[in-house]
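In TrEMBL this protein carries:
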REGION    1-73  region 'Disordered'
COMPBIAS  28-43  compositional bias 'Basic and acidic residues'
BINDING   ASP655, ASP657, ASP659, GLU666  Ca(2+) binding site
REGION    687-734  region 'Disordered'
COMPBIAS  699-708  compositional bias 'Polar residues'
COMPBIAS  710-719  compositional bias 'Acidic residues'
COMPBIAS  722-734  compositional bias 'Polar residues'
REGION    810-857  region 'Disordered'
Amino acid sequence: MSSKDVRPSSAQSRQAWGLDPYASGGHARPDNQFDFGGPRDDPDLPSAMENDMYADSEPKRNNDVSPTTPKKSGGCWSCFTSGLRSLWATRQTEETKGNRELHVKTTLRELIIYLVFLVILCVVTFGMTSTTMYYYTKVMNDLFLDTVHSGGGTFRSITNVNDFWKFAKKPLLDGLYWETWYNNENVPNEQLGYIYYENKLLGVPRIRQLKVSTNSCQVHDDFKDVIRECFDSYSENLEDKTSEVSHANYTGWTYQTESQLDGSSYWGMLTTYSGSGYVQDLTGRKNTSAETIDYLFDNLWIQRGTRVVFIDFTVYNANINLFCVVRLVVEFPATGGAIPSYTFRTVKLIRYVTVTDYFILACEFIFVMFIVYYIVEEAIEIKKHKLSYLKSMWNILDIVVIIIAILCIVFDIYRTIVVDNKLKELLDNPDKYADFENLSYWQTRFDNAIAIAVFFAWIKIFKYISFNKTMTQLSSTLGKCAKDLAGFAVMFFIIFLAFTQLGYLLFGTQVKDFSNFQNSFFTLFRIILGDFDFHQLEAANRILGPIYFMLFVFFVFFVLINMFLAIINDTYSEVKGDMANQKNEFEMTDYFKRGYMKMVDKLNFKRDKIVDIQKALKNADINQDKQLDFEEWRQDLKTRGYADGEIEALFAKYDMDGDRVLDESEQKKLQADLNKEQDALNKEYEHLEKSGNRPGTARRSSSRVSFNDDSGEDSDDEDSGTKSSRSGRASNGVSYEEFTVLSRRVDRMEHSIGSIVSKIDAVLVKLEAMEKAKLKRRETMGKILDSITETDGNSDEAKREQMERLVREELERWDSETSFSPSGRGASPSSGTSARGVRSRSRPGSGQNEPVSMEGK
């Protein structure tokens, strides 16, 4: 019996491997590897179970059974829920540890989705800002901070009340009101109210001051008779809230609360100031505003108790759609003098004007959808991992980014509503102060928050590229030396804070960099980086200054910093050594290469099938009658390794009349379909060539031929290409079609090995039986010798007859036993040989040697 007769069918092969869903009900549905009627629906899975192959065929002959339609495992709802769940499939929600392929796909999917989210976030963020903002701020800075007044100074150089009034009377008014052209011609009334002729002044400017009450501090008893008034440093509970009614047309002497002004507190250079105070609004014309400032100057509006003066106004540039909210601050400390400061907030409060703005609006909607997506994703992960979810730094980072994004979304809606209301109110009352201070403040906080979110979002990329050991060096190094760094940080900050306090106490009264504890702290960090002024320290204290500097440099710079670097370097060396012995979790390049090779394998495999069918059309018609009957077709394709179901499927598809014969027209139709499919393959190969990759020569699927098939006619030149290409792709896995073919070969091998094992078992049983027979022969010979010894008185002739009788009885008993093999050849040769041995030595005079000779045989 040849191996060809016992070769299992494809259905048996699939049943053996658990791949046949219809193993219990007849034939498996045939593979559609011969179906060339159209493209596959799913290129990744072989659509081997297509019913349409049997659609036009007649009922199956012989033992072929029509395939049945499989029952669906679930309804539409289960498909919907599984598809919905797959949207949020991550490495933390799916069991990917034992499935390398799933781990790779999940990581790639997460990375691609996150990169899209990152792009949208960057578009939204950078759509809010531009380099124009910097130049707008610089222009306003130069105008109000660097314009020289009559005394030769600028706003930056204000040191006393007199300097403030000089600035207010000239640079401030000239900057706010541009009422003449450069040729001294008057600007038309409809064009008034523009700074630099381009920036619309919204509403009117406002001047506000805060004062402390008289005798707000305590004078020592020795000076009470000399010093009769005392004004403490600013504090909200020491504010002077008295109002004067003698200035009927001016509000600068009337105290108004923070709620009345709808103001907010301000963090100045010396302290934090409330939003209340004495307020005087200017007008929309320069001459009337100058009169107001002169009146304030003449009536000593700024007094000894004044601690701060604010100048607020807002401008809008329609050319670039930007607001600039300006606040000029002059603080008057209790020590006397003046300290100027300022804020220029250039913000984009009207968001949607141009086409680009509306594109950003669309991106913002997509951004909101992404945030909802990630909220659901994190909720699923929290539900699955409970409190252990917080053990991962990346999960905490995800929560931070989501919270910041939600706050930004809420503020974005709030800002849009508030700006619309403020602009409507401003247009209805153009001569009132436009308070954009609080809104611009929160807009800058919004910009800062979204900038932090973008920063964290970029850092989060390491979460998805940590599969590569090179990418984990930073996190591994920091994680491994965290305990050492924590111990070092305690020691470092003890010494560093000790030097901070020492510097503040030694030089705080003379050196600005050490004027308070905070400045002293950051000044020491600047010294570490090489930014220091040694001569200031030396001038402040000629002895302790140099000693302080040298001790700090020695202990902090030479000792502590080098200890810090040593900890990092040692840990990094350990991490590098550990990683050198580790393999990457997976290589992304290998994954893409494997995907590419699978695509190439499918093309080659498909081309091989086309070649096989073309050869079958050419060679199967043995009698050359141009009528290809099913047996000829089946015999040819069987030699090429195809299963009966596959052969029947293709034949039935093109056997239109159902006569089990492909006539000439049907063969032409099959050949035409083959040509179309071959043209499609050629186009795919051309596409691969354009991309710089050529899959090589067609691979001969020699694995489809059984072990003992004599298919010499199929072993053409393509076999050499088969071996090389197969060996070259061995490490990259095989396609599903190749796996199916290989499973058939394994089934055949199992069948062959099974017969070999059964023969080996028969041989072992035979050897065991022979060993038992040998023992029985020895026992029989012993009995014969014992009987001969017991009859010593008899003659030799009697002894010989007795021995011959006993031997023949024993031989007859052996022949009567069941033989070892089915043919009964197990004992006969040995029996015959034994008999011949006995007979050849049963001569007179040789009785003593007969038992030995027989045992030797």
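Along the chain as shown, the residues are counted starting at 1.
Glycine is no exception: its Cβ is also placed from the backbone N, Cα and C atoms.
This view paints the features noted in TrEMBL onto the structure.
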{"residue": "ASP655", "record": "Ca(2+) binding site", "Cβ neighbours (10 Å)": "21"}
{"residue": "ASP657", "record": "Ca(2+) binding site", "Cβ neighbours (10 Å)": "11"}
{"residue": "ASP659", "record": "Ca(2+) binding site", "Cβ neighbours (10 Å)": "13"}
{"residue": "GLU666", "record": "Ca(2+) binding site", "Cβ neighbours (10 Å)": "19"}
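Annotated Ca(2+) site ASP655, ASP657, ASP659, GLU666; additional same-chain residues within 8 Å of its Cβ mean position, judged by their own Cβ, are TYR654, MET656, GLY658, ARG660, VAL661, LEU662, ASP663.
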